[in-house]
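Positions annotated as active site, nucleophile by Swiss-Prot: S78. Marked as N6-(pyridoxal phosphate)lysine by Swiss-Prot on the basis of sequence analysis: K51.
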Amino acid sequence: MNLNRFERYPLTFGPSPITPLKRLSQHLGGKVELYAKREDCNSGLAFGGNKTRKLEYLIPEAIEQGCDTLVSIGGIQSNQTRQVAAVAAHLGMKCVLVQENWVNYSDAVYDRVGNIEMSRIMGADVRLDAAGFDIGIRPSWEKAMSDVVEQGGKPFPIPAGCSEHPYGGLGFVGFAKKLRQQEKELGFKFNYIVVCSVTGSTQAGMVVGFAADGRSKNVIGVDASAKPEQTKAQILRIARHTAELVELGREITEEDVVLDTRFAYPEYGLPNEGTLEAIRLCGSLEGVLTDPVYEGKSMHGMIEMVRRGEFPEGSKVLYAHLGGAPALNAYSFLFRDG
């Protein structure tokens, strides 16, 4: 596998820390050891997150092409767009963000706090759009790029989740490579890695990265899109492309992609009671914050897998915390009583 042939622009602190979730493990019976990989604090740029790690492999192309404006898209409380805004500010570039109405949630402050507030503070041109949630290339995003060109700028397109970019999976191939180094220091290997999946490139990169040591099927994606067929197809397509890029040496198959579809509902961006319980439980036992859109759902999934005995006794399970806590303010009504 050859990741080193791709240029990387450093935006993170390096390998994110691994912390044991001792109290949560004990609360769930103590038969499975839970750990967290803290991608939620991987950078000093506006709280970081998994997209910041992905952007390390996209930004060299933007610089090489002489682009002056990063153009991205997400929902109103998109973590992606906040991280793109932070990187643009860091590099001295302009930033245009299309924020679509992906979530059927009507909190009075939803479009004024959290991620979107931070993007505005960092100087991004934030454009609200009424379009609902879907996966793939969006007309509103293409129009935003055309607008930049018409105004004499040179846009660099960053699709939702970085996932439609050819290099969108590389950051989490690197994640797997760095984790192997950390495992050597810890003196053990993780039996399973749990990760949230929506647009697909985070899990796709992990699948490729861990295929190098035979653990691709040990990456358990937890769907948060409520469109699991689309998400799984995305993961597989991106993983196959990424495997070719890094010269993995074998084909990625459908069997390599494990996606648990039980925890995404009622729909994208809206938590169920199990997700809210998981957010409160992890927060109160570990001081680790997760959000109702992504990480709360993958945390819910991991907790339920432990409760149901789906991990063999003695397993060491790594929860990939991808970020997302800045969105909590937008859901303040749900937590008005804690």
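Any Cβ shown, glycine's included, is placed from N, Cα and C.
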Item to check | DSSP state at S78 (active site, nucleophile), helix/strand/coil | outcome: coil
Checklist outcome for this item: Counting every protein chain shown, other Cβ atoms within 10 Å of the Cβ of the residue listed as 'active site, nucleophile' number 27
Checklist entry - Can you tell me how far the Cα of S78 (active site, nucleophile) sits from the Cα of the residue listed as 'N6-(pyridoxal phosphate)lysine', in Å? => result 11
Checklist entry - Taking the Cβ of K51 (N6-(pyridoxal phosphate)lysine) as the centre, how many other Cβ atoms fall within a 10 Å radius? => result 33
Checklist entry - How would DSSP class the residue listed as 'N6-(pyridoxal phosphate)lysine' in three states? => result helix
